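Visitor: Quick paste from TrEMBL:
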- Arg182: active site (ACT_SITE)
- Ser235: active site, proton donor (ACT_SITE)
- Glu305: active site (ACT_SITE)
- 29-207: domain 'FAD-binding PCMH-type' (DOMAIN)
Amino acid sequence: MTDALMLTTSDGNITIRRDQPMSRYTTFRIGGPADFLVTAVNAEQVQAANDWAARAGVPVTVVGGGSNLLVGDGGIRGLVLLVRASAKTAEEASLAEDLGDEIRIRVPAQMHISRLGHRAARSGWAGLEWAAGLPGMLGGAVVNNAGAHGSEITDHLESIEVLTGDGRIETWTRDRLSPRYRHTVLKAAPRPRRWIVLQATFVLPRGDADELTARADEYAKWRRSAQPTGACAGSVFTNPEGTYAGLLIDQAGLKGRQIGSVRVSELHGNFLVNTGGGTAADVRALIAVIQETVHHQTGIQLVPEIEQVGER
């Protein structure tokens, strides 16, 4: 096979490339090569890439914004499907139905979750303003049941559309996801997963656009001041019941601890930062040190929130 293969869709061609370093496509800036990689910006392109993978007999690994993800140094076998936002994506978050005191909106999975939070707030749609400033795409947020400030993405979720491994499009209700703290049945499914999230439908209460926008701006400002902005993947551990992972890591004296080129952030203990040239092996080793130290001091076993994919 040549180094690149072109697939034709109704709105243009997409290119499948070989041996692409995943460090270019994750917020951690870490990861070995993908056998094949393609970027899709809409549901039709996602389906075309999925169909190609089925014909080629290779597994599909979906990557959105590349946050909350650690790709192994050995890379990813099969096709990596990058689901990314296009210039039109923000316009595609559409008011589907006026329900009086509530509204129903449909949002493509490739929309940036932060952009959705700001867009909803400006439109007077309450319930998503907490997402302002979060990294990643909506599809990944749904899979992981992302949340902050006491809210979760599934709080106002009505349904999702998913593409199955055999090319069918299914509608799932919220209950089918079995959402709980940083968990859905989609996240629990082993990689490569059989389903790709294409779209989400929310039912949101109406609110005051000015108040919601001010709140969204405050959330985004807080994240910029309280969390590192360098090469990191977001929160590394879920919060244990009744406390915070970052607090436990801070109390264990682990801020600034470094293995290889990966360091525990001095700004927030639940973030690891790649200072340049870091590897997945560095991250795993530092995670193990944190878990062992915190468990020794508190008896609490920290559970990673970050998802690990690919070969070590």
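Glycine too: its Cβ is placed from the backbone N, Cα and C atoms.
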Visitor: Using a Cβ cut-off under 8 Å and a sequence separation of 6 or more, which residues in the same chain sit near Glu305 (active site)?
Guide: Asn68, Asn144, Arg182, Gly234, Ser235, Val236, Phe237, Thr238
Visitor: Look at each of the active-site residues, Arg182, Ser235, and point out the one with the fewest other Cβ atoms around it within 10 Å.
Guide: Arg182
Visitor: So what pLDDT does the domain 'FAD-binding PCMH-type' (29-207) average out to?
Guide: 92
